[in-house]
Amino acid sequence: MKVVVFAYHDIGCTGIEALLEAGYEIQAVFTHADDPGENRFFGSVAQLCAEHNLPVYSPEDVNHPLWIERIRELAPQALFSFYYRNMLKQAILDIPTVGAFNLHGSLLPAYRGRAPINWCLVNGEAETGITLHQMTAKPDAGAIVAQQAVTIADDDTALTLHGKVRLAARALLEQELPKLRAGDIRLTPQDESKASYYGRRTPADGELHWHRPARELHNLVRAVTQPYPGAFSFAGDRKLTVWKSHWLAQQSDKQPGTILSQEPLRIACGEGVLEIVAGQAEGGLYVRGAQLARELGLVEGMKIGAKASNALRKARLTRVLILGVNGFIGNHLTERLLQDGGYEVYGLDIGSSAVDRFIGHPNFHFVEGDISIHTEWIEYHIKKCDVILPLVAIATPIEYTRNPLRVFELDFEENLKIVRYCVKYHKRIIFPSTSEVYGMCDDHSFDEDSSRLIVGPINKQRWIYSVSKQLLDRVIWAYGKKEGLNFTLFRPFNWMGPRLDSLDSARIGSSRAITQLILNLVDGTPIQLVDGGAQKRCFTDIEDGIEALFRIIENKENRCDGQIINIGNPDNEASIQQMAEILLAKFEAHPLRDHFPPFAGFKLVESKSFYGDGYQDVSHRRPSIANARRLLDWEPTIEMEETIGNTLDFFLQGAVTTGVEHD
């Protein structure tokens, strides 16, 4: 059987060796170039390929059309991925005739994602394993071919557990590869209800937070000990790395992080005590815990913890300027930032109905105003604040055809001023791009870094919003490249939830789809399905969206700098008609149903009669969220039906309270 292999790490070497022994014909191997900044403790796929005279490549982008075509020309019957670090696009997965298969270091569906071995140890698991499964566009979600369990011992570290998993992988492949070659393959779908997803780990994730239980901290130590960067804490500003530890169940009345004894070196935790068996001071040697204490001058009663200079810096709250704070995203984001306690929010908008509940909060400062008029106030606050979010825009489809020039003036021209102020004062801008920039893209899912942005002809005015946003994206990107602007672009995909638009805005046609449909139910008018409602969208709960946006603001390890990030839920894909049917069912079952008129039925309307001349629709809009998973460790969790129910309840409660309901 002819195969193409994507491989890295020891598991990659193991997979290639197993394929050769099973009689597979490896036509090409794709791997990664060694990272000089990485502690490479594992075998080299490139060296192994050289020893076996196998062609090996390390392309910058294996999903580039040129590489896809080269792989297609090889006509492989199967693809195998063994710890290859990049996602393969559907165009590659569709090439082999037998299928594409991945070897994942956990017992799927648990621990999908990155660094599963480290995460299992962090979480104190007693068992993990290895899974051979079909590859799909969604990471680690394909049907299972075979699995082999691995027991995790109390003294296992990431290195020893990796060795166990490698041996299990070898045994599993020796058993399954001959079957697969003979066509004897049995697939078991994954149970999505048991799925869990974990993102990549960074060295910063190794910080020891002493208020946690000692057992958790011990698990962290063994999860990231050598050859990984290690768990760490600080004595003042001096870093100490913990390479080996024990945990004790004994309790202490001392504050977490307090030194209880020097020899042995024991630290009070939120629950129990952690004993540092071996460690290393920054710039020092690997030594026993007692010697480490002496080198750092640690004595009983002292405290260790966060870096002292960082703690002083964090005493000042991060100042966030939100223009359009009263809008759907703005008011929900304000709530999340104030709940966190580490942020001071400055907001401007032409109204305050959605943020009145924050007035009086010591960390919320609101001014009523228009961004096209209050330019001096805006420039001053951009200079004053740390993070800028210009959320002001016209984002309702009917306005794209009804008021195209106003859309351009506000969405592009006014926001360009904000961008230039951020350049002038060297401020970080988090700019709301839009899923609309993808236009009529023909990809199965829209990728921030490779999908084409396809729009219609000039006489279709509805694209003025899309191209205004796209042009700003390009301007921001250029400022980042040429003048060092610190930016992140985020692209929301059909966020829904309470406080989305208003029924009044729906009455004049200036609202999103679900608000318009709810108005039809409240008023007892037919639900209008534009062009039959066949258009598909991926609906995202506002809570999921705001959590992702909050993590962009947090920007751990500066991961989001210079990035474009889709924020959507690809699993919540449905047509407008399907959404309307779910909405109707929830409306009929709602406790307030009797306050409103009978359902008036569905009415099919043409887009031209609803939106006017110049409208053109999009058949589907499905995001790739690989960037969000990788950069934010984020995964949407809320199903569409729950979101629809919450949105409906908000509007019905409001209608009853204000007396809008049917008499």
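Every residue, even glycine, has its Cβ placed from backbone N, Cα and C.
Annotation for His104 (active site, proton donor): same-chain Cβ neighbours under 8 Å, separated by at least 6 residues, are Arg112, Pro116, Ile130, Thr131, His133, Asp140. The active site, proton donor annotation in Swiss-Prot covers His104 (among others), and the record cites sequence analysis as its basis.
According to Swiss-Prot, the (6R)-10-formyltetrahydrofolate binding site annotation covers Arg114, Thr136, Ala137, Lys138, Pro139, Asp140. Listed in sequence order, Met87, Arg112, Gly113, Ala626, Arg629 are the same-chain residues six or more apart from Pro139 ((6R)-10-formyltetrahydrofolate binding site) with CB atoms under 8 A from its CB. DSSP assigns Pro139 ((6R)-10-formyltetrahydrofolate binding site) to coil in the three-state reduction, placing it in neither a helix nor a strand.
Annotated site 'Raises pKa of active site His' per Swiss-Prot: Asp140, in sequence order.
For Asp349, Asp370, Ile371, the entry in Swiss-Prot reads NAD(+) binding site. Its Cβ taken as reference, Ile371 (NAD(+) binding site) is surrounded by 20 other Cβ atoms within 10 Å in the chains shown.
For Ala395 (UDP-alpha-D-glucuronate binding site), the Cβ neighbour count at a 10 Å cut-off comes to 22, with all displayed protein chains included. Annotated UDP-alpha-D-glucuronate binding site per Swiss-Prot: Ala395, Tyr400, 434-435, Arg462, Asn494, 528-537, Tyr615, in sequence order, evidence recorded as sequence analysis.
Spatially close to Glu436 (active site, proton acceptor) yet at least six residues away along the chain are Tyr465, Ser466, Lys469, judged by Cβ distances under 8 angstroms. Under the DSSP three-state reduction, Glu436 (active site, proton acceptor) is assigned to helix. For Glu436, the entry in Swiss-Prot reads active site, proton acceptor.
Marked as active site, proton donor by Swiss-Prot on the basis of sequence analysis: Arg621 (among others). DSSP assigns Arg621 (active site, proton donor) to coil in the three-state reduction, placing it in neither a helix nor a strand.
In sequence order, Gln516, Asn520, Lys603, Leu604, Val605, Phe610 make up the list of same-chain residues 6 or more apart from Gln528 (UDP-alpha-D-glucuronate binding site) whose Cβ falls under 8 Å from its Cβ. There are 16 other CB atoms within 10 A of the CB of Lys138 ((6R)-10-formyltetrahydrofolate binding site), with all protein chains counted. Of all the Cβ atoms in the protein chains shown, 16 others lie within 10 Å of the Cβ of Asp531 (UDP-alpha-D-glucuronate binding site). Summary: among the binding-site residues (Ala137, Ala534), the fewest other C-beta atoms within 10 A of the C-beta are counted at Ala534. Using Cα positions, the member of the recorded positions Arg114, Thr136, Lys138, Arg621 nearest to Asp531 (UDP-alpha-D-glucuronate binding site) is identified as Arg621. Of the recorded residues, Lys138 ((6R)-10-formyltetrahydrofolate binding site) and Asp370 (NAD(+) binding site) place their C-alpha atoms 43 Å from one another.
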